[in-house]
Amino acid sequence: MPAIIIDGNKIAKKIELKILKKVKQRKKNGERIPGLAMILVGNHIPSQIYVNKKKISCKNVGFFSECWNLPSNINEKEILNIISKLNENKNIDGILIQLPLPPQINHMKILSSIVPDKDVDGFHPYNTGSLCQRTPKLRACTPKGIITMLKYNKIKTHGLHAVMVGASNIVGRPMSLELLLAGCTTTVTHRFTKNLKDHVQNADLLIVAVGKANFLKGSWIKTGSIVIDVGINRLKNGKVVGDVEFKTAYLRASYITPVPGGVGPMTVATLLQNTLEACENHDDI
C-alpha cells in the first residue's frame, strides 16, 4: 500500500492561523506585536528568496519584521555592532542570521553574539546545550518542525529506531537530540559512515538531510518505515526534488514527506512559533 503523504503546507497553515489568532488577541489587549529582525549578507539568490518568504509569512501572521541587507564585503565587527543594537531593541524579539555567510565571517562567532532569548533559529550554543540537557528553550526550526509534523499525524515515536542521514549543525545534529528527546533509539550517519544501506534498512523512522538529489535509493527503505525528506534540490530541468528517490520510497513507506511541500513550510512556521514564544517570554521579564 502506498505511503500516507505528510502535507507540510497544510500543517504549517494551521500553525500560522493559531499564531495569527494569538497576535490579534495581543493587539486587542494593547500588547506589543512580535518583532523579527533578519540579517542577509551578500547577493546569494536562494538566501534572498528564503528571506522574502519569511517576510511575507511575518506579515501574514501580523508580526513586525525588518531586514538588514548587508554587502558581501562587510566585516565581522560591523555585523556584531548591528546585532548588539538588535539585542537591546525591545521591539525585536527574534534575530535571524540567514546562512550561509561569506567566508571571511566566522558564523559561530556571529550566531553566538545573539542573546539566547532572541535566537529564534535555535543555533546559539546555550539553546543547543539546553536541548542536549533535555530542557529545551528556543529550538532549531527544521528539527522542531519535523517533530511537530509527526505529532500532527499522531505518529508515536517512543521506542522507534530512528536513523538520521546527515550530521550538519543546522539539521542533523539538533535533529538527533530531538529524536532522543522523543524517545527514539537514534543512529546518526555521515559522510564517513560505512554500509549506509544497512543502517537505512533498519530504520523505523528515517530522516535524510544531505543536499543531494535522489541520493537515497527508495529500494533501501524498510517496508512500513516513516520517511522525512529534508532535501531541496533543483535539477537542470528546473524540477525540485528531495534527497530520497520518492517514487520507490512512496511504495514502501507508511508515511512520507513530499518535496516541495513537506518539511520546508514547517521550518518557516516553526520560526514564527519561536518568535511568538520569545515575545511572550519577554513579556514575563
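Glycine is no exception: its Cβ is also placed from the backbone N, Cα and C atoms.
Listed features, source Swiss-Prot:
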- GLY166, ALA167, SER168, ILE232: NADP(+) binding site (BINDING)
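GLY166 (NADP(+) binding site) carries neither a helix nor a strand DSSP state and counts as coil. Of all Cα pairs drawn from GLY166, ALA167, SER168, ILE232, which the record names as binding NADP(+), the longest spans 16 Å. For ILE232 (NADP(+) binding site), the same-chain residues lying six or more positions away in sequence with a CB closer than 8 A to its CB are VAL240, GLY242, VAL259, PRO260, GLY264. The 10 Å shell around the Cβ of ALA167 (NADP(+) binding site) contains 18 further Cβ atoms across the protein chains shown. For the binding-site residues shown (GLY166, SER168), fewest C-beta neighbours within 10 angstroms: SER168.
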